[in-house]
Structures are given as structure tokens and as C-alpha cells.
Amino acid sequence: MSKRYAVVLAAGQGTRMKSKLYKVLHPVCGKPMVEHVVDQISTLNVDKVVTIVGHGAEKVQEHLAGKSEFVKQEEQLGTAHAVLQAKAELAGKDGVTLVVCGDTPLIEASTMEALLKYHHEKRAKATILTTVIEDPTGYGRIIRDDLGIVEKIVEHKDATEKEQRISEINTGTYCFDNKALFEALENVSNDNVQGEYYLPDVIKILKDSDEVVAAYRMESFEESLGVNDRIALAEASRLMQRRINENHMRNGVTLVNPENTYIDIDVKIGQDTVIEPGVMLRGETVIGDDCVVTSGSEIVNSVIGERVHVRTSSIFESKVGDDVQIGPYAHLRPESDIHDHVKIGNYVETKKAVVGEGTKLPHFIYMGDAEIGKNVNVGCGSIAVNYDGKNKAKTIIGDNVFVGCNSNLIAPVKVGDRAFIAAGSTITKDVPDDALGIARAKQDNKLGYAKHLNHGK
């Protein structure tokens, strides 16, 4: 097999996005557009990937670190000029080079592999990836002769009325003989209205030299969708989301209403899990088998075990074991570690908290910077008071502890195994094993006093 290279064009500023974020870094289903492209290329046994960066170079390099080499295009003088920036990296090498735009997040490895194969079969010096669309307005047209051989690419604004009726378009993705590409790039002119160096001109140069130029037509236009504004970004996200969701459903996940379920590309979901509408699964979240996630839930960069039921709750950067009940309206903040058979009820919030097996936090509870043992019951309204206005401190609760309602555990504090905390207590000292901790004022009833109070009656 000949050497394979790839050049990814990612230098454009993307002014039509009207954004401070550089165009190719806008996310599509949890990943920057350009990273989608590079990740697909990386599956093709490519010997070297060179990403052409310009605006936002440092940020692009940060996202693609370890996946690509980089060359900076100091001035954006057109697509041919951009590819030419890789001259020091690639010129003179035997092999083939893919050229792909960094703003086409839907391009798939299988399509690029088919393009490479077709290029080899045709013994071409250049092969254009094309497709057919109903409304080709604005796209370069593929002009073929009577035998179907590619003659040239004509930009829409330069096309005759007859040529404008052609529906086969240039997608902006190419495969070139590497040596021929860089030799031709040296001869591209900027003698045009925009004063830029255009990559399609390489096709004309090769044709004028009687080299073989081919065109591989793909079935799906959506893979070639370039994102230049927020409308196209939304469309790319919609199409990518459909692709992601259909893949999960084929693998045994039930999406009750896939059109209203938002799952990032790196999320993993086990078989027979049910995801209701309005759920957002973000980042590198992993969900096990036989789970249920109900409407309005958001899970971000978290690991969820098997047979977990999440009811309208938020989970961020946390770990949840098997057979856990969460919600409704629970909030697991980062570094929560919920063990097996735990109940996290409504309006419960945890943060940097370990909750032991079989423990119940039924409702209206805050446990921050806390370590809670096994088979603990924490009553309604109880709080691990972890912040004194300056520093955070830790609360430790042993196994088989009962914490009565409306208890305040003032950290740092430790409650021993099998201890009881009386309802309404404010605990400021450690409670030993098997002890009853009670810290509240003695009730004093003032007999007859109520009649002296003005109740407005």
C-alpha cells in the first residue's frame, strides 16, 4: 500500500458565524467540528495528518494535540495557498494525499476510504469527491464530457446557464497524487476577482497536462455539509444527532423520542436502557444496562452502573453504582461517588461525597465534602455544613447511622458506627460509636402565655 497523508483545512476565521470562537472549534454533539474530521481520518491508516491553522491556531492545536501535526497559514489567501503551507511536510513524498475541510463534521471514514480506493483504481492524479443535490446554487459544478470523464470544475458565478443546470457538485474533498499536487500548487495563479489561490485550479492544471482526473460520486449530500453560519451548524448538529441516536437504537437502547434526545458522540449506553425525551447525555458519560433516565435529566461526564433509575435529575462528573434510585430533582455535583443500592431522593444535593452501599438520602438534604458509610438513613432537611466562609471541611458518618430530620453536622466532625443523631440537633463535636448525639435547647412551655400575644384577632 502506498503512503497516505491528509491535509485538513482549518485556518478560516468564519466571520459568518459572528462568534468569538473560531469556526472549526464550534461543537457538534460534544466535539469541535475539526476534531470530528481528524478523528475520522485517523481510522484510515494515514501516515501523517497535517492541519492548516490560522485564526485561533493555539486553541485548535490544543484540541487536536497528539492527533495531528500543524502548519500555520499566516495570511488566508485561498485554499490552494493553504494546502501549499504543508510543502515542507509533504512535498516530494510518494503516496496519496487527502484534502478535507475542517468545517465538514459529517464526513465519514468509510466515504474517504471509498474515495481512496476509487482514486487507486482509476490510476488518477486527482480524484474529486462529488455528490448530486437538488439545489446546487453556490457550489462548483463538475463538468464531464460525453464519456463521463471529468473536464473541469466551474464555480457557480462563472458557470454558463447550461452549466448551472448541472446538479453534480464539488464537495471540497479531494484525493491527490502527493507529488503531482505540490508540483501543480506551484503553478496556481491568483488572477481572479478575489485575488486568491483556489484549489480547484489544480484540477485544471493537471487536465492541461493530460493527467487522469476522476470524480467519485457519493450518495449522501449530508456528509459534505460545510458549516459557515449558525443555521448550518444547527443542521449539522441535527444530522449528527440522528446518526448517533440511530446507532444507539441499533445497539439495543430505547429512545422514546429520538428527535428530542440529545446524546454526545462519545457517550456509551448499555442494552435495554430506556432514555425518555428531553434527556441530555454529555461528554464521555457511560450508562450501563437496564437503566431508565426520565425526561429533563442531564448527565455529564459521569459513569452510571446497571439498573439505575434517574428521575429528572442532574449528574455531573460523578460515579453511580448499580441498583441506585436518583431523584426526582436531585443534583449530583462533581466527585460524588454513589455506591450500590443507594437511594438519592428529591431535592438532594451531593458534592465531593461518598455515599456507602444501601444508604438512603430520601429528600431535602445537602451532603458536601462528606463520607457516608453503609446502611445510613439521613432525615429530611439534614445538612453537612462544610464551609465556614473561608475553608471547606469534611464530615464523616460511619455505618448503620441514623441522622434525624433537620440535623446540622458542623464539619469537621465524625459520627461513629451505629450512632443516632436526634432530630433538630446541631452537632459540633464527634459522636462515638453506638452513642446518641443530641444538641438542642430544652423545650420550655410558658403556660397561658399565648393569650397575651396579639394574633390580630
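Glycine residues also receive a Cβ, built from the backbone N, Cα and C atoms like all the rest.
Listed features, source Swiss-Prot:
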REGION    1-230  region 'Pyrophosphorylase'
BINDING   9-12, Lys23, Gln73, 78-79, Gly140, Glu155, Asn170, Asn228, Arg333, Lys351, Tyr366, Asn377  UDP-N-acetyl-alpha-D-glucosamine binding site
BINDING   Asp103, Asn228  Mg(2+) binding site
REGION    231-251  region 'Linker'
REGION    252-457  region 'N-acetyltransferase'
ACT_SITE  His363  active site, proton acceptor
BINDING   Asn386, Tyr387, Ala423, Arg440  acetyl-CoA binding site
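Where Swiss-Prot records a feature, it is marked here on the structure.
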residue : record                                        : Cβ within 10 Å
Ala11   : UDP-N-acetyl-alpha-D-glucosamine binding site : 28
Lys23   : UDP-N-acetyl-alpha-D-glucosamine binding site : 25
Gly78   : UDP-N-acetyl-alpha-D-glucosamine binding site : 20
Gly140  : UDP-N-acetyl-alpha-D-glucosamine binding site : 24
Asn228  : Mg(2+) binding site                           : 15
Arg333  : UDP-N-acetyl-alpha-D-glucosamine binding site : 16
Tyr366  : UDP-N-acetyl-alpha-D-glucosamine binding site : 19
Asn386  : acetyl-CoA binding site                       : 22
Tyr387  : acetyl-CoA binding site                       : 12
Ala423  : acetyl-CoA binding site                       : 17
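Cβ environment of Asn170 (UDP-N-acetyl-alpha-D-glucosamine binding site): Ile128, Thr130, Tyr139, Gly140, Arg141, Ile142, Ile153, Pro200 lie under 8 Å away, each six or more residues apart in the same chain.
Within its own chain, the region 'Linker' (231-251) has Cβ neighbours under 8 Å at 17, 26, 28-29, 33, 36, 105-106, 222, 225, 258, 261-265, 267, 269, 271, counting only residues six or more beyond its boundaries. Ranked by how many other Cβ atoms sit within 10 Å of their Cβ, the recorded positions His363, Arg440 place Arg440 at the bottom. Counted over all residue pairs in Asn386, Tyr387, Ala423, Arg440, the record's binders of acetyl-CoA, the longest Cα to Cα distance measures 22 angstrom. The C-beta environment of Leu9 (UDP-N-acetyl-alpha-D-glucosamine binding site), restricted to residues of the same chain at least 6 apart in sequence and closer than 8 Å, consists of Ile52, Thr79, Ala82, Val83, Val99, Val100, Cys101, Gly102. Among the recorded positions listed here, namely Asp103, His363, Asn386, Tyr387, Ala423, Asp103 has its C-alpha nearest to that of Lys23 (UDP-N-acetyl-alpha-D-glucosamine binding site). Asn170 (UDP-N-acetyl-alpha-D-glucosamine binding site) falls within a strand segment according to DSSP. Among the binding-site residues listed (Ala11, Gly78, Arg333, Asn386, Tyr387), Ala11 has its Cα nearest to the Cα of Asn228 (Mg(2+) binding site).
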